[in-house]
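Visitor: Structure provided below as structure tokens; questions to follow.
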Amino acid sequence: MFALTFLGTSASVPSAERNHPALLVEAAGKRILIDCGEGTQRQLLRSGAGFRRLDRILLTHAHLDHVLGIPGLFSTLGLRQSSDVMTIHGGPGTLDIVIRMLAGLWGAGRAPIPVEFAALSEGQVIDAGGFTIDCFPVRHRDTDSFGFVFQSPARRHLLPDRLASLGVPDGPLRGELAQGRPVVIEDGRTIDPEDVLGPATGGRKLVVIGDTETTEGLSQYVADADMLVIEATFLDRDASIARDYGHLTAAEAAAFAAANNVGQLVLTHMSGRYEDEEILAEAARIFPNSRIAADFDHIVV
């Protein structure tokens, strides 16, 4: 299960209702921030999420609307005397920009809190403990952009009727079987896990894509996702402008979701030039299970 809190859902120009991009993903006791636009620290407080156990930031790219909140967040964490190491993941070019930004404020190699930088590469898999994050390249203007696949493992559960019929008693033996190890019961019979485990269920797949100028080549990462979070900065009537600025239209995002058997489509990176109803209508005509994210929306997948 992944719990998402949308902290910022605007395009490059924020509005009174929408902050610069940031998304909090929580799973298996971990809390991961995707992008950190200006004002993200206040959005964390306003959402009720706060700063606790926040130790990893994934950056889609280094355009300023996605990274300017990092210095303010770090300054506040430093004032709170946080000793936790913050790991920032991003493409090499993205990290170079962030490192130079921090150096301009606090000096080379310095920051208010301990920081580690981890460069992303195509095909890299981050083991977050309880789930994985696959990283894949995305095309957006002159940046080294990345998208992310959050995957929780499907699990097989013990079948009570089978345990009872085979005479497996309550206790440690059942725990061994649940871990996939055969056991020998009191009468000498060996019980194999395959005899008492049901089919794998419960795995979840969440895909988050930030700014992107095309969905070409991305189907292999998005196919069969339970949820796709992706930008929809323009309407289809302005597709030529979308190309000029390296963004998608709502229709393109919806067609991409429909072609890849996505469960739910969540659109973000909203431009103030359109009404939400226009954007949603364009997407829903193609992919009915679409919604537009608003700041402080909380969605569980």
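The backbone N, Cα and C atoms fix where each Cβ goes, and this holds for glycine too.
What you see is a predicted model, and the numbers here were worked out from it, not measured in a lab.
What Swiss-Prot records for His61, His63, His140, Asp211 is Zn(2+) 1 binding site, and it gives sequence analysis as the kind of evidence. Here Swiss-Prot flags Asp65, His66, Asp211, His269 as Zn(2+) 2 binding site. Under the heading active site, proton acceptor, Swiss-Prot lists Asp65, citing sequence analysis as support.
Thinking about packing and proximity, how do these listed features fit into the structure?
Guide: DSSP gives His61 (Zn(2+) 1 binding site) a coil state; it is part of no helix or strand.
According to DSSP, His66 (Zn(2+) 2 binding site) is assigned to a helical segment. Taking the Cβ of His66 (Zn(2+) 2 binding site) as centre and 10 Å as the limit, one finds 29 other Cβ atoms among all the protein chains shown.
Long-range neighbours of Asp65 (Zn(2+) 2 binding site) (same chain, six or more residues apart, CB within less than 8 Å of its CB): Ser10, Ala11, Ser12, Pro14, His20, Pro21, Gly37, Glu38.
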Visitor: What's the CA-CA gap between His63 (Zn(2+) 1 binding site) and His269 (Zn(2+) 2 binding site) in angstrom, rounded?
Guide: 13
Visitor: If you count other CB atoms within 10 A of each CB, which of His61, His269 wins among these binding-site residues?
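Guide: Comparing the binding-site residues His61, His269, the most crowded Cβ belongs to His269.
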Visitor: State the count of C-beta atoms found within 10 angstroms of the C-beta of His140 (Zn(2+) 1 binding site), not counting that atom itself.
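Guide: Step by step: centre on the Cβ of His140 (Zn(2+) 1 binding site), count other Cβ atoms within 10 Å, giving 23.
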Visitor: Output, ordered by sequence, the same-chain residues six or more apart from Asp211 (Zn(2+) 1 binding site) with a CB under 8 Å from its CB, or 'none'.
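Guide: Result: Thr60, His61, His63, His66, Val138, His140, Arg141, Thr143, Ser145, Glu231, Thr233, Gly246, His247, His269.
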